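Accompanying notes for the structure given below.
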């Protein structure tokens with residue numbers, strides 16, 4: 001069977017069809033090629049690459065130029081998956097026009113197909129409208145917002161009070177009204193995610209938000225056992241970190257003992 005490229009209308013249609021959307025992150029050509037070959041629906045060049053690939057403690061130091069650099073590498077490894085890229089911290093919060101310039105660079109220079117912004121503030125809502133008007137698809141993101149980690153006091157679950165839950169629901173509805181094609185629900189109670197999913201016509205993609213979303217996303221390094229610390233909501237499907245260290249140790253020993261080459 002010939003595999004076709006994933007399109008935005010196909011992703012949105014999956015909600016009505018009851019077909020869960022799969023999404024994982026990539027930060028270079030190697031991982032993009034592997035995810036694409038595995039049939040992942042959506043590949044996200046997340047600003048989590050700041051922590052996974054660049055060694056920062058948070059996503060905040062990542063620049064737009066760095067995102068473009070990594071997205072260009074990912075683009076070269078993608079043949080079929082739909083490609084989305086994060087707008088990093090302070091590349092869109094100033095104004096809708098700043099967001100348009102930043103997103104435009106990702107579209108033109110890295111050939112991504114959509115961008116993601118965090119939160120549902122008035123500026124983000126206005127920026128979403130501006131980007132959609134310009135023909136740039138936007139993925140929303142509510143709940144735990146990594147770009148606000150200091151403001152939130154860490155990587156804690158959000159939406160645990162009635163007021164916070166109502167604000168997250170209102171934010172998701174506002175983003176849908178502004179024109180996002182889907183919304184990520186990060187680290188919120190499963191019941192809240194279920195409520196949001198039921199009220200939205202667009203797909204919801206969960207990360208630590210329970211089983212009721214229209215799709216799921218995780219950081220690939222967490223899935224493959226490559227992260228030193230894995231979030232409590234993630235599942236490790238392979239321990240590649242341990243296997244890689246063992247393989248490298250075997251290589252070094254073989255060289256030192258002159259068993260290789």
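All residue numbers here begin at 1 and follow the chain in the order shown.
Using the three backbone atoms N, Cα and C, a Cβ is placed for every residue, glycine included.
Under the heading Mg(2+) binding site, Swiss-Prot lists 47, 86, 118. What Swiss-Prot lists as 3-methyl-2-oxobutanoate binding site is 47, 48, 86, 116, and the listing cites sequence analysis. Summarising the annotation, Swiss-Prot assigns active site, proton acceptor to 186.
Residue density at residue 116 (3-methyl-2-oxobutanoate binding site): 23 other Cβ atoms are found within 10 A of its Cβ, drawing on all protein chains shown. In the three-state DSSP classification, residue 116 (3-methyl-2-oxobutanoate binding site) falls within a strand. In the three-state DSSP assignment, the secondary structure recorded for residue 48 (3-methyl-2-oxobutanoate binding site) is coil. Proximity note: of the listed recorded positions (86, 118, 186), 86 have a CA within 10 Å of the CA of residue 48 (3-methyl-2-oxobutanoate binding site), given in sequence order. Across the recorded positions listed here (86, 118, 186), the residue whose Cβ sits among the most other Cβ atoms within 10 Å is 86. When every Cα pair among 47, 48, 86, 116 is compared, the largest distance found for this 3-methyl-2-oxobutanoate site is 13 Å.
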